[in-house]
Amino acid sequence: MLDIKVIRENVKEVKQAMLNRNLDISFDQLLNWDSERKTIIGKIEQLRLKRNKESEEIGRLKKESKEPPAELLAEINKVRDIIQEQEKQLLTIEKHIEDFLLRIPNIPDKSVPVGKDEKDNKIIRFVGKPEKFSFKPKYHWEIGEKLGIIDFAAASKISGPHFAVLKNEGSALERAIISFFLDKHKEKGYKEITTPYLVNRASMTGTGQLPNLEEDSFKCAIDDLYLIPTAEVPVTNIYRDDVLEESALPQKYVSYSACFRRESGSYGKDTKGLIRNHQFDKVELVKFAKPETSSEELESLVLDAGNVLELLGLPYRVVLLSTGDIGFSSSKTYDLEVWFAGYGIYREISSCSNLKDFQARRMNIKVKYSQNKKRELLHTLNGSGVAVGRTFAAILENYQQEDGSVVIPNSLREYTGFDIIKP
């Protein structure tokens, strides 16, 4: 959530930042509410002063064993009623302000390229080179079904479209990928954490999924609970309404979870395979950092996510997203896009973002500095470390052999217990 003070003092700049996101937002109503709020607060303060003086006068008279005049008692009751009415109006206006601010996205960092959409993203670097095959490489779903390790028909029968059943060596490979990711990130200083898959509305609002993305979320019909779209939601919320000591930062967490999203590809090749499903597995990285170090923490987050891809021998590239492509809560995002030999293109496998104080303001997470005891909002960061299903798919496409078999990357073999999946 944005600081209303920033909007109040820099409304033209904030409006331009929204235009850079392809959003034409008028802040006139918000500023009117803000002005009205200030006026009401002033009235309440004056009325409280008046009430206090009248109460003191009543107290003085009673101390002198004198009966307070009926007019004075009536006046103090009248002031009390006016204060209560003004406080009700204040609550209504503050609710309007909060509802408005909850729907406004983060301001892009100055280093983010201004652009309309993904076509304006900036490629930062390539890591590794795609292998040239002596045969036409197949898509991962073709490979998986022929090997008997992916069963989309069974998943469709069980749940419907955009789900997958992994079997035999496929299940073992997925489990191996998850364990590999967790181990490698723990070696980098991340603390492993396991959280609930069901979270309340406050948690989803805190990270920015609600209210704007409610239609993309799976919600329980009876309880006011949501299936998590990413472990970012529960992990970031562990410090909601907390104050962290400066010496405790940065805090770095790694968490494996299943993820659930209603959105799904409706055209092209994304209607097949493991790229875009309602349920998928992901290892998530979350950081809590001091504002002055969050930019550095983002760069190291990108390196940590890329490290596991390099260890798996998967070629990828790092892309800086433009203002027209970054997510709602993000101030700056790098995508890691892995090479898919079957597709013949790079596809997103991780998004690493600096949210700055956007989530911290929604969740009231602060850092206390040791020198001056000052408390201020900290910065949160998160990134996939990385998407398990897409890694599974990338391994099938990049390590496929002409006979239909798939070689297991060297770094995974101690986790799988086998080095090849044969037809």
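Placed from the backbone N, Cα and C atoms, the Cβ positions cover glycine too.
For the L-serine site that Swiss-Prot gives as Thr230, Ala231, Glu232, Glu284, the extra residue drawn from Ser111, Ser134, Ser384 is Ser384.
Taken residue by residue with DSSP, Glu232 (L-serine binding site) is part of a helix. Cα to Cα, Thr230 (L-serine binding site) and Arg261 (ATP binding site) are separated by 9 Å. With respect to Ser351 (ATP binding site), the closest of these binding-site residues in Cα terms is Ser384, chosen from Ala231, Glu232, Glu284, Ser384. Arg262 (ATP binding site) sits 19 Å from Ser384 (L-serine binding site), taking the CA atoms of both as reference points. In sequence order, the binding-site residues near Ser384 (L-serine binding site) (Cα within 10 Å of its Cα) are Ile349, Ser350, drawn from Arg261, Ile349, Ser350.
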